[in-house]
Amino acid sequence: MRTLWIMAVLLVGVEGSLVQFETLIMKIAGRSGVWYYGSYGCYCGSGGQGRPQDASDRCCFVHDCCYGKVTDCDPKADVYTYSEENGVVVCGGDDPCKKQICECDRVAATCFRDNKDTYDNKYWFFPAKNCQEESEPC
């Protein structure tokens with residue numbers, strides 16, 4: 001029951017690009033981003049500090065860094081366009097900022113797919129107190 005409540009809290013207020021990010025993770029990695037990465041390691045979910053715990057957590061670290069480089073639009077809210085060509089997601093549209101958000105999400109979803117074998121349940125709901133080391137630069 002606690003897990004269902006946490007999942008509901010994670011979904012409250014989610015709009016725009018975050019919904020699209022979830023869709024891309026499902027499409028590319030074949031699993032739910034909210035479920036598997038909504039609260040994982042030191043970087044997956046809200047916030048982020050310390051050292052990434054494994055390759056899956058590093059995907060989130062790189063995604064956070066990518067979002068940090070986006071200017072002139074809101075990576076968590078703005079809606080972008082993409083298409084699928086021969087099974088490959090291609091970011092599109094005329095707005096370079098929104099295209100950059102899409103690329104951040106596409107790269108992260110691909111990273112999750114490529115690192116499924118490193119996913120370790122011990123990092124699910126990982127305590128923030130274990131993420132106190134100095135963060136590495138992006």
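Every residue, even glycine, has its Cβ placed from backbone N, Cα and C.
As annotated by Swiss-Prot, active site applies to HIS63 (among others). Cβ-based neighbour count (10 Å, all protein chains) for HIS63 (active site) stands at 23.
Taken from Swiss-Prot, the feature active site applies to ASP105 (among others). According to DSSP, ASP105 (active site) is assigned to a helical segment.
Residues or ranges marked as Ca(2+) binding site by Swiss-Prot: TYR43, GLY45, GLY47, ASP64. TYR43 (Ca(2+) binding site) falls outside any helix or strand according to DSSP and counts as coil. For TYR43 (Ca(2+) binding site), the same-chain residues 6+ apart in sequence whose C-beta sits under 8 angstroms from its C-beta are PRO52, ASP57, ARG58, CYS60, PHE61, HIS63, ASP64.
What Swiss-Prot lists as disulfide bond is CYS42-CYS131 (among others).
If you draw a 10 Å sphere around the CB of CYS44 (disulfide bond), it holds 28 other CB atoms from the protein chains shown. The feature disulfide bond is assigned by Swiss-Prot to CYS44-CYS60 (among others), with similarity to another entry given as support.
Around the Cβ of CYS111 (disulfide bond), the number of neighbouring Cβ atoms within 10 Å comes to 18. According to Swiss-Prot, the disulfide bond annotation covers CYS59-CYS111 (among others).
All protein chains included, CYS138 (disulfide bond) registers 10 other Cβ atoms within 10 Å of its own Cβ. DSSP assigns CYS138 (disulfide bond) to coil in the three-state reduction, outside any helix or strand. Here Swiss-Prot flags CYS65-CYS138 (among others) as disulfide bond.
Annotation source Swiss-Prot lists disulfide bond at CYS66-CYS104 (among others), citing similarity to another entry.
For CYS73 (disulfide bond), the same-chain residues 6+ apart in sequence whose C-beta sits under 8 angstroms from its C-beta are ASP95, CYS97, LYS98, ILE101. Under the heading disulfide bond, Swiss-Prot lists CYS73-CYS97 (among others).
Cβ neighbour count for CYS91 (disulfide bond): 19 (other Cβ atoms within 10 Å of its Cβ, all protein chains included). Sequence annotations record features per position, and here Swiss-Prot assigns disulfide bond to CYS91-CYS102 (among others) based on similarity to another entry.
Residues or ranges marked as signal peptide by Swiss-Prot: 1-16.
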CYS102 (disulfide bond) to CYS44 (disulfide bond) - Cα separation in whole Å: 18
10 Å Cα neighbourhood of CYS104 (disulfide bond): matching recorded positions from CYS42, CYS44, GLY45, CYS65: CYS65
Spatial neighbour of ASP105 (active site) that is closest, considering only the recorded positions GLY47, CYS66, CYS138 and their CA atoms: CYS66
